[in-house]
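Quick look at what TrEMBL lists:
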DOMAIN    41-290  domain 'G-protein coupled receptors family 1 profile'
TRANSMEM  29-49  transmembrane segment
TRANSMEM  61-78  transmembrane segment
TRANSMEM  98-120  transmembrane segment
TRANSMEM  140-162  transmembrane segment
TRANSMEM  197-225  transmembrane segment
TRANSMEM  237-261  transmembrane segment
TRANSMEM  273-292  transmembrane segment
Amino acid sequence: MERWNSTRGSGFILTGILNDSGSPELLCATVAVLYMLALTSNGLLLLVITMDAQLRVPMYLLLRQLSLMDLLFTSVVTPKAIVDFLRVENTISFGGCALQMFLALMLGSAEDLLLAFMAYDRYVAICHPLNYMVLMRPRICWLMAATSWILASLSALGHTLYTMHFPFCASRKIRHLLCEIPPLLNLACADTSRYEFLVYVTGVTFLLFPLSVIAASYTLILLTVFHMPSNEGRQKALVTCSSHLSVVGMFYGAATFMYVLPSSLHSPKQDNIISLFYTIVTPALNPLIYSLRNKEVMGALRRILAKNVLLTYSNI
């Protein structure tokens, strides 16, 4: 097959789900609404946690990092997909594709690790409440956040450089929502089997290991909850755990499908639908599930609004 020098060509063509769906206008409107929801809810959560002194505790420090990751993650993918669809212009340069891949891999991997740390935080809070401020002191929380960012950045950089070094065939069409490793490897004019195995190993490390930590943490949490004397406390904990696990399952399930399952089980249409979940749907749902239903967060939001209203009236 004819090779194409991507560094000198005009770039790639992203033919994602917005172009392949039966009702592209409706899907584009839905994606735009979800993106606005993600921007609003994550931005509001970041603002509330930053401004309210009562929320400067370990759990909310990690939640702030999650909101930042979600805000950046969905912004790496969604605006370009919407603008390209409206302009009927789906090209992306070689450098732009590499940058999008690096950012998406970094933010997705960082969130994988952070969700595991957040599950551990909930385990300590519920199962060892008396030692919570010792085991989850601010320095440890910052170390958890830094570990997530640093390990994810190093992994993303290595994978981006190696993926983009392959010679690509004449077909420049990436049948995917964004530049990711699996659809780009389909365009490579070289043997990628060894590298695909490396991607599998990395996927297991960044997905299945954190997922096992989450599963173990919530199993211990549920065992503790079932022994609670208070029926109201038990129901509250169960509702919180089930909502958290639903989001975790959606994010990890979609990412595991993309990066752990063998390529023989993939199809462009399936991959496009799966990528929607971890790039657009979960960033919109995470703040609603994790925080905006939280009484402490809503109380902080009311305090900030009341304070701003008083300041406004005092300046009139």
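Positions of Cβ are set from backbone N, Cα and C atoms, glycine also.
Unlike curated records, TrEMBL annotations are generated automatically.
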Against which stretches of its own chain does the transmembrane segment (273-292) lie, if we need a Cβ under 8 Å and a gap of at least six residues from its ends?
-> 17, 31, 34-35, 37-38, 41-42, 44-45, 63, 66-67, 70-71, 73-74, 76-78, 104, 108, 176-178, 180, 243-244, 246-247, 250-251, 253-255, 257-258, 298
Which one, 29-49, 61-78, 140-162, 197-225, 237-261, has the most C-beta pairs under 8 Å toward the transmembrane segment (98-120)?
-> 140-162
What else in the chain is close to the transmembrane segment (29-49), if you only count residues 6 or more beyond its ends and a Cβ gap under 8 Å?
-> 18, 55-56, 60-61, 63-64, 67-68, 70-71, 74-75, 78-79, 81-82, 276, 280-281, 283-284, 286-288, 291-292, 297, 300-301, 304
Model confidence over the domain 'G-protein coupled receptors family 1 profile' (41-290), averaged pLDDT | 87
